[in-house]
């Protein structure tokens, strides 16, 4: 009963019960109550902008219409989710459960634990892992990694607060989004783990650096609405106004993550100065994933490598390398084995095209790459690989010339060839950029980069 009582209290206190000073932007998301819940309890939806489309709840963009009785069902799912996490956490620790109801099948849980033994493999199948954990891949994987690095004990993190934080993070991703959902966050976190184990990083990074890297990966797309920055700007969305049309989504992801840290008081045992430092550096990492600033970070990285002046004994240099690692992890899908990479390509393009359909419906200018009639999955992926992925990973391989780097570049080349075979007319133009991928794209295609942070 304790778990159920905790879940009930947790559910009742979750939305709207916490108030912050209006100047505290880090907690803005807490006041962004679900429109349907607000209506049910007598609140009028806040006016978010002047465009008529903004009356639509972003959380329903990629989902089917729900019935009038969906709110109670949603609350039940939330309670069930919390109960499931309590059970699964006991199973991860090897403790037998007392409830005879097998909410999470033990055979599947055993397979998930077996997969976690190989969490450092670049072939890690996050889709399979998500199925084995009953849709809880982000919670399982992040908790496991924090424990594996000894960070829970080192930073004396309260287990209840940590699990609550991870549950909230996972639930604040919109799983209706084909691409920007909790599975993507789990995939990026697993990729970040792979990079943290690379010799140069493993020998230099502090426990604090590793904690920041994992938290940033897990929260880097938190509360992503499934549309890109240009869409928010041209529909006069209040987030675009709040962040002055600059790194709108990334700022929101960061502030949302900070809000959850404060709500759960995960770092309440640390000195206030250390907690604020975590929040600031977390923001610096998440903001680096803004793909519209790709050239800025890539040029700086290339300059460091050309001048051979990266000193990982320097805290600021280590932080910069963490930024580059997160950028790589965020867009590493084309560098995965084809079976995984293809699924991600289809999902992100589905999200692009869905945005394009919405723009057509509301007679808005269709964003680049979002027109399903003018683009194909193959053409979108070939352009993204050529102008964004290849230059970044070529420089990363210069920094960390390891077996993993060569494996990623190998998959990237094979995947690009596979997409090119499906798009014959693109083969000629893509081959021109293959001669020297790290140098031949000083000015990436505006069509790709104009997507803001759609893929990031």
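Positions of Cβ are set from backbone N, Cα and C atoms, glycine also.
Just so you know, TrEMBL annotations never went through curation; they're auto-generated.
These figures come from a predicted structure and were not determined experimentally.
Taken from TrEMBL, the feature active site, proton donor covers 180. Within the same chain, residues at least 6 positions away in sequence whose Cβ sits under 8 Å from that of residue 180 (active site, proton donor) are 173, 174, 221, 224, 226, 351.
Residues or ranges marked as AMP binding site in TrEMBL: 180, 181, 182, 183, 184, 221, 330, 381.
Feature annotation from TrEMBL assigns Zn(2+) 1 binding site to 184, 220, 221, 330.
If you look up TrEMBL, you'll see 221 marked as Zn(2+) 2 binding site.
Positions annotated as compositional bias 'Low complexity' by TrEMBL: 420-430.
Feature annotation from TrEMBL assigns compositional bias 'Basic and acidic residues' to 436-445.
Residues or ranges marked as compositional bias 'Polar residues' by TrEMBL: 447-456.
TrEMBL lists 104-426 with the feature domain 'PDEase'.
Annotation source TrEMBL lists region 'Disordered' at 420-456.
Each residue contributes its Cα atom, and for residue 183 (AMP binding site) and residue 220 (Zn(2+) 1 binding site) these two points are 12 Å apart. Candidate binding-site residues: 184, 220. Fewest other C-beta atoms within 10 angstroms, 184. Taking every pair among 180, 181, 182, 183, 184, 221, 330, 381, the residues recorded as binding AMP, the greatest CA to CA distance is 22 Å. Mean pLDDT for the domain 'PDEase' (104-426) in the predicted structure: 96. A distance of 11 Å separates the Cα atom of residue 181 (AMP binding site) from that of residue 220 (Zn(2+) 1 binding site).
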